[in-house]
Every structure is written in structure tokens, then in C-alpha cells.
Amino acid sequence: MLSEEQQQKTHLFSSFFYRRLTQKQSRRQTNEDQANMSLPERRHSRVKTWTRHVDIFSKDFIIVPINESAHWYLAIICFPWLQKPIVAAKTVKEEQDSTSTPASNSTSESTEAALQSSEGSQESAAEEKPKTPAQTKTAAKAAARILKSSTYIAKQPCILIFDSLSGLGRSGVVRTLREYIQTEWNMRKGSTEGMRLYDKDNMRGANPKCPQQTNFSDCGIYVLQYVECFFRSPIKDYGIPMNLSNWFEESEAKHKREDLRLLILGLQQELNPDLKYDPTKDGCLPELPTAATSLDESMDASQSSSS
């Protein structure tokens, strides 16, 4: 279950949202106003009422389940209110974990050393011999590596695609969702907060490396597992590329159907403790009429048994 704070910072679109957003219309279905719109504006017009009671720019995460060609996958729009990444300093433990070697200095000391090596102090500059352009470039690269190793991207406006059958390009999905966010801002916020640009530079798209299904029937199960892990084991570093291959074990996804069954039965018992209805007969599924049995014969048999 999500905490109250997580619920307030998350918006979940219906599984019909993306289908409606990308639904093709014939010329006969297009009205005069839509004929003068750009493609992103026409798409937005089909779903503009879906957010009339919610400000998606006040959310950290917008979850979009997608079904295309009988395959489920997941898109999560992260931090649409941000204009640029937020960089944070790693703790000493995080630096040790990322390098797998003991850290001799604190993060602040590492950062300070990097700045000194890239810029140099005025005192040392007076004493040392002038560096050649090649030496200066090498020193700058070394400083950048130190800075990068001591910092991480805590938040970044981006669109993440989680697909349990990787290998299929989803750049078109990222572009469509980015255009939707741009149009939503223009329509809802542009006149009061000014125009903002959502493009591939300030809202990047990525396909994190994530656990993959081992058959052709569990895509929906993996979508549910991705969402669960997204909140249970939150992403700490939004740097791209992103490796989440150890996010969860395959066995966890395999047991998801049973977990859902127990959850539904538990909720049924909680909400209707006096309900005695059992969907099965003595623990067995009821017999269904065969293809050779007519509907009338089935109804007659049912009426005879009840009388």
C-alpha cells in the first residue's frame, strides 16, 4: 500500500488512456477545430478532460500502463514539474558501494579536491609551470570523473519505459508522451506560469534494464511487479542509462497471480465478512456445457436440477 504522501504525489492513468491518446480518427470524425490543430494538440483534445480535476504538474510520478499488439508494458513520467536534474552528493558509504574500495576522504573533500584539480588555486598557479593545453584537458577530465563519482542525480525529469520483452524500440512512445506533457502545460499553465519547453534534452527517455519475462504470457504480471517495486524499492539514482536488472527475483513475479488471488479473497472477507458465496463448487470449477450442447438444453438442465 502507498503511504498518504506517495498517493498525493502519484497519478495513475487508466489503461485506456494511451489507447485513447493515440487513437486514429478518420476525416469524418475530425471536427473543424481539430482540423486546424497540430497532431499533438489533436491527441491532447481527445483526453483533455481526463485531467480536469488533477494537476499532473504537482505530481512526482505519472503512471501510464500501455497495451499494444496484445502486449503490456509500463511508462512512468517522472518529475514533470522539474526543469533540470537535481544533483546530490554521495555519502561516504555510497561512494564505497559504488567503487567497491574504501574511501579515504569524505564526499566534501573529494569534491573540493576535484575543484582544485580542475581550476587550481591562485597560489599554486604562481609557483607551478604553465600547463600545456593537453595537460589542462587531461586534468579537467580527471576532475570531472572525481566529481561524477562523488555525486548522483537524485531527481530528473524523464520518461521511463519498463518492458518485460526488451528489444523493441519505444522512442515513439516517449515522444508521444512528451508531446502530451508539453501540450498539457501549454493548455493548463502556459497563460499563468509562462511557456516551458519539454524536449529530448530536458525530459529524457530511457528503457531501464529490468527483469524480463521468460514466456509470452506474463507481461501483465510484470507490469504490476514493476509498479510495486517502483514504490517498494525506489530508484535512488536517476542517472541514465539505468540498470535495475536485480530489482526483484523471477520467483516473485511467478507467484504474483497467487498473491493477487489471496489479496482479493482477503479484501472480500474484510469488506463482506458475512458473505458465504464460494465461486467454486466443493473446491472444483463448475462444469460448462460442451460445444455440442445447445444453450436451450443447458438452461433446461439447470431448471430441472433447481426444481
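Indices start at 1 and increase along the chain as displayed.
In case you wondered, yes, glycine gets a Cβ from its N, Cα and C as well.
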Review point. Pick from 248-277, 278-307: which range does TrEMBL record as region 'Disordered'?
Key: 278-307
Check your understanding: How does the model score the domain 'Ubiquitin-like protease family profile' (1-230) in terms of mean pLDDT?
Key -> 83
